Number of protein chains: 2
Amino acid sequence: MSRAFNFSAGPAVMPEEVLQQAAAEMLDWHGSGMSVMEMSHRGKEFISIYEQAESDLRELLAVPANFKILFMQGGGLAENAIVPMNLSQGGAVDFVLTGSWSQKSQKEAGKYATSRVAASAQADGFTSLPSPASWHIGADSRYVHICSNETIHGVEFHELPDLKALGCDAPLVVDFSSHVASRPVDWSRVGLAFGGAQKNLGPAGLTLVIVREDLIGRAMPHCPSAFDYKLVNDNQSMYNTPPTYSIYIAGLVFQWLKKHGGIAAMEQRNIAKAQLLYDCLDNSALYVNKVDKACRSRMNVPFFLLDESRNDAFLAGAKARGLLQLKGHKSVGGMRASIYNAMPLAGVQALVDYLREFEKTQA
Amino acid sequence: MSRAFNFSAGPAVMPEEVLQQAAAEMLDWHGSGMSVMEMSHRGKEFISIYEQAESDLRELLAVPANFKILFMQGGGLAENAIVPMNLSQGGAVDFVLTGSWSQKSQKEAGKYATSRVAASAQADGFTSLPSPASWHIGADSRYVHICSNETIHGVEFHELPDLKALGCDAPLVVDFSSHVASRPVDWSRVGLAFGGAQKNLGPAGLTLVIVREDLIGRAMPHCPSAFDYKLVNDNQSMYNTPPTYSIYIAGLVFQWLKKHGGIAAMEQRNIAKAQLLYDCLDNSALYVNKVDKACRSRMNVPFFLLDESRNDAFLAGAKARGLLQLKGHKSVGGMRASIYNAMPLAGVQALVDYLREFEKTQA
């Protein structure tokens, strides 16, 4: 098969230009005589790759100088433990439950802190966002955690909550794994943001943490050294050997983002792609997306066939057209199209064409 | 520069055939229309890669059926915390200190357990191995930890200790990061072995854990779910998203090992390579390796110039000949040649030729 359109939720589609460059440089990076995979993380070649990646990401996401960028390991799931070990000091923390990922985070934090639910959209099947005005945040809260894009339920915060306006001084922790770099971030509202790289940034196995520097240095005694933000930051993410090749690939993605207009241009593309797909679903008698229009994700679009007996036929037809990995997460069923930065408009158009064609054959 | 001889201690030289195959498959793996980097970890394509890698590694290392193979993240340094969180149950554990890595492991375990020193070679500058008969292992020991190859100090256990013969029923924990797959493992003496991949197996960011199944399921309450061996094992290393591309590359390395005669053939090659280099050092009036001949590492060969004022000239001359990353670890100084599986005999011969030539110019 030639290159397909790959709608996987993650690991996910990569920019083809990035893959081409990685292939071309695999045996000899910039005349060094080495693959990036073979470089000492402390050598000048890799340090230059690392510093360029960090600097490009800081520029792209407009990360203020008082935030530190850490490249870690373990994914968002490990951060569910690492964040409370670093920030909770064993006190109370508040979670807003908007889907599977915030639920998992809230549960894991209970190992280290008094893990409370400030609000939950579970009663409506995670199809809406509880209004910040309704959140019950304790006065003793060490932080408030949200998942700003729920990969499984397809729910996105289109504006980050302003905790200060709610009378809350606690920092906001944001799991932005599945929409990082798809839109700008209002850092004035954020204390810490984290995300696995395998959706919008690069290969699985790299975890991005961006943390306000005054929150660093509070780790609990049983926090593993490799995951203590202070040690990671003091050692430029090289307290343990970092996932060097994954950082290199992410760096190529950052350069691709810059070349194609940066985050503002990417956001406009993502709005157009999402609009095209949601319009198709909304104008159909066969497909349905159940999420409140005010908080539909631009990245992850779950949908259902009203006749679920047609699911296998739908997926088989899609695969035959090179439209891959459209099966929904096992916990919710149905279908899901993840349309990250690297998914071109042509891919979404091909999916929309197929959606219409398949619906006609069912009439 | 064309491909150089790269003596980095890790990340380290990879087999050129593996890099060539990875480059060729970068945009489209086996006609799937996807890079391995883009595959869902739960899709059939990646599952086939994963299962092949696990099965090849089990065959290569002759891992018995009652040991589980886990692919994790965080490197050996993270395992320094993850092992005691999983095995110590907060009790007492014993360490044999033979260099920097076992020292670090012993210190980190103190966060979770009563971390004791059963023996130490610190007094002689970590140039020898304390005889197992001299180890002081408590009757209440939850496990005994050794680093079977000290990457920095160049000290290797050429035989794993037989704890049962010492009257000790505790399991042996082995950090085999820097010589895994360079020689057979006597699993009858092992409870758990772990290692970062970035020396002999593949890219940084992948951690291998091989654990006897009766030791799984003892994690302490504050062990992060992502690092609880039971959850990792119950979910085929996919409790969190695994480092998929790194597992794929490691799988290619395993196939390369099988193609070139497996571990027994690799061991013979490694013996010959090490012999060539140590003989050169021992027959020189300029270079010295200080490690007891009975426990010199076949993988990491630290050496010093007796006239250290010549260090920079030595390194510059080496680099000019395409002999890279020979500088010793900053904590010990001098030089270090790491000659892992993927370093061909021709690379060691080129280094030996240069060592002799450089020595002549100093006469």
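Just so you know, glycine gets a Cβ as well, placed from its N, Cα and C.
If you average pLDDT over the domain 'Aminotransferase class V' (A:5-351) in this model, you get 97. What TrEMBL records for A:5-351 is domain 'Aminotransferase class V'.
The L-glutamate binding site feature in TrEMBL is assigned to A:R42. The C-beta environment of A:R42 (L-glutamate binding site), restricted to residues of the same chain at least 6 apart in sequence and closer than 8 Å, consists of A:M238.
Here TrEMBL flags A:W101, A:T151, A:D175, A:Q198, A:N240, A:T241 as pyridoxal 5'-phosphate binding site. For the recorded site, A:T151 (pyridoxal 5'-phosphate binding site), the DSSP three-state label reads coil.
Mapped onto three states, the DSSP output places A:K199 (N6-(pyridoxal phosphate)lysine) in coil. What TrEMBL records for A:K199 is N6-(pyridoxal phosphate)lysine.
With all protein chains in the displayed structure included, the most crowded Cβ environment within 10 Å among the binding-site residues A:T151, A:Q198, A:N240, A:T241 is that of A:Q198. Its Cβ placed at the centre, A:D175 (pyridoxal 5'-phosphate binding site) has 26 other Cβ atoms within 10 Å. Taken residue by residue with DSSP, A:W101 (pyridoxal 5'-phosphate binding site) is part of a helix.
Listed binding-site residues A:W101, A:T151, A:D175, A:Q198 compared with chain B at a CB cut-off under 8 A give A:Q198 as the close ones. With respect to A:K199 (N6-(pyridoxal phosphate)lysine), the closest of these binding-site residues in Cα terms is A:T151, chosen from A:W101, A:T151, A:D175, A:N240, A:T241.
Binding-site extent for pyridoxal 5'-phosphate: residues A:W101, A:T151, A:D175, A:Q198, A:N240, A:T241, maximum pairwise Cα distance 29 Å (rounded to the nearest whole number). Secondary structure at A:D175 (pyridoxal 5'-phosphate binding site), taken from DSSP and collapsed to helix, strand or coil, is strand.
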